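One structure is given here, and the rest of the page talks about it.
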């Protein structure tokens, strides 16, 4: 018979093994658990597009409708819309018109100016329309599947683009609807120039990427079990290399200073921009003239924020839905893609996002999740998640204290997004973290993953048409070929490019 002390030792050893296994599995779950949604991709064909299994309807039988607008002939509108849906039906989807626009899955409306969806139109020119992606997991439909067209525009009704010059400043409605309906049924932008979803005006024929994108969303999606639709060549299509332009990457982004651009709102809605604006416009904010009147003087916090802004002092800078946002104290500036400031700004951050904070605060980070929800980081460690459709606050998340254990102060931690990856940085310690849980994805993150050297005193990193580093001394530097630009004495004052007053 085994002595009692030996039995105790065996029990202790077994207990230690069990504890080690439990701890190991727990750490594995904490640090390697990804909340990303896997996207099924057909690797047998070249692809240049981004798809999400979230964006799409739960059926291939899709109803559509259009609300007439007095300015346009109803027959012209219906003929144009019918032509658009007939083209998209070549992908294997079945589109059916119904009279009641409120009951349709894809709904086309004409609106002017502010129309209560947080994306006001700007009158004739520039912004032509936008569309909201469908979401198969949403219980409430909301704006999903809606296409909004700026009713102040002058459209002509012709599905051929060869003779656009004959119509002066008129806009081809067929081209706009064809692209926007693509978004309304779930497609993001494509980097393939032959695609309808390429972010510039194109023809009226679907490209290979358009077919492949619909296949991945509706026929080869792991959430569905339909028979996979076989692509048939309805017309001759050019195939291109699967590589994408260097400026495009895997993001739904594109250069904003090119002619005939379709300006997109990333992962939520897409905005179509009239192609005839000044081609010399850049993403750099244009000069702003502030008239400090007595009304400003009664609001000391706003006056202080404006003075800080004009001297180059910012808390963070980010691109949200394709537009530049600069945050200073409790206020933020919002710029159009051509660098012009939206009317009425700066506004309090709580005006745009219902951050439940009483008293003074500052935004220290702002980014979008992979599914398009907007996250506002306040005072370094608190993050508020806003729904991509309703813009309602649905979650508050604290940055885990153990994330950067050697960080001397949480107020030195910055969170930023680069090329669809989220990072936390403190005292030159870098960790890739999960968009949703803010937990660590890797025990060790290589600095080379960032594509730029770690610089001290950073307050944020901006990734849009290049990578820019911002420091707490009101200066910035552009990263060129994975190096900080040394030809301009490294860092320049923010007032040279970003906060021009």
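Keep in mind that glycine also has a Cβ here, set from the backbone N, Cα and C atoms.
In the three-state DSSP reading, residue 180 (active site) counts as helix. Taken from Swiss-Prot, the feature active site applies to 180.
The feature Zn(2+) binding site is assigned by Swiss-Prot to 179, 183, 189. In this view, residue 189 (Zn(2+) binding site) is surrounded by 27 other Cβ atoms within 10 Å of its Cβ, with every protein chain counted.
Taken from Swiss-Prot, the feature N-linked glycosylation site applies to 48 (among others).
Taken from Swiss-Prot, the feature N-linked glycosylation site covers 58 (among others), and the record attributes it to sequence analysis.
Shown in sequence order, 93, 94, 96 are the residues of the chain, 6+ apart in sequence, with a C-beta less than 8 angstroms from the C-beta of residue 61 (N-linked glycosylation site). Under the heading N-linked glycosylation site, Swiss-Prot lists 61 (among others), citing sequence analysis as support.
Neighbours of residue 94 (N-linked glycosylation site), defined as other CB atoms within 10 A of its CB across all chains, total 11. If you look up Swiss-Prot, you'll see 94 (among others) marked as N-linked glycosylation site, on the strength of sequence analysis.
The N-linked glycosylation site feature in Swiss-Prot is assigned to 116 (among others); the stated evidence is sequence analysis. Note on residue 116 (N-linked glycosylation site): other Cβ atoms within 10 Å of its Cβ, all shown chains, come to 8.
According to Swiss-Prot, the feature N-linked glycosylation site maps to 163 (among others), an assignment based on sequence analysis.
The feature N-linked glycosylation site is assigned by Swiss-Prot to 192 (among others), with sequence analysis given as support. Note on residue 192 (N-linked glycosylation site): other Cβ atoms within 10 Å of its Cβ, all shown chains, come to 27. A coil conformation is recorded for residue 192 (N-linked glycosylation site) in the three-state DSSP classification, outside any helix or strand.
The feature N-linked glycosylation site is assigned by Swiss-Prot to 267 (among others).
Look at Swiss-Prot and you will find 280 (among others) tagged as N-linked glycosylation site.
According to Swiss-Prot, the N-linked glycosylation site annotation covers 291 (among others), on the basis of sequence analysis.
Counting Cβ atoms from all protein chains shown, residue 379 (N-linked glycosylation site) has 13 others lying within 10 Å of its own Cβ. Among the features that Swiss-Prot reports, N-linked glycosylation site is placed at 379 (among others), with the record citing sequence analysis.
Under the heading N-linked glycosylation site, Swiss-Prot lists 493 (among others). For residue 493 (N-linked glycosylation site), other Cβ atoms within 10 Å of its Cβ number 14.
Sequence annotations record features per position, and here Swiss-Prot assigns repeat 'Hemopexin' to 311-356.
Annotated signal peptide per Swiss-Prot: 1-26, in sequence order.
Considering other CB atoms within 10 Å as the measure, the emptiest surroundings among the recorded positions 58, 179, 180, 183 are those of 58.
Of all the recorded positions listed here (116, 180, 189), 116 has the Cα closest to the Cα of residue 379 (N-linked glycosylation site). Under the DSSP three-state reduction, residue 61 (N-linked glycosylation site) is assigned to strand. Sorting each residue of the repeat 'Hemopexin' (311-356) by its DSSP state yields 4 helix, 19 strand, 23 coil.
Across the repeat 'Hemopexin' (311-356), the prediction's mean pLDDT works out to 86.
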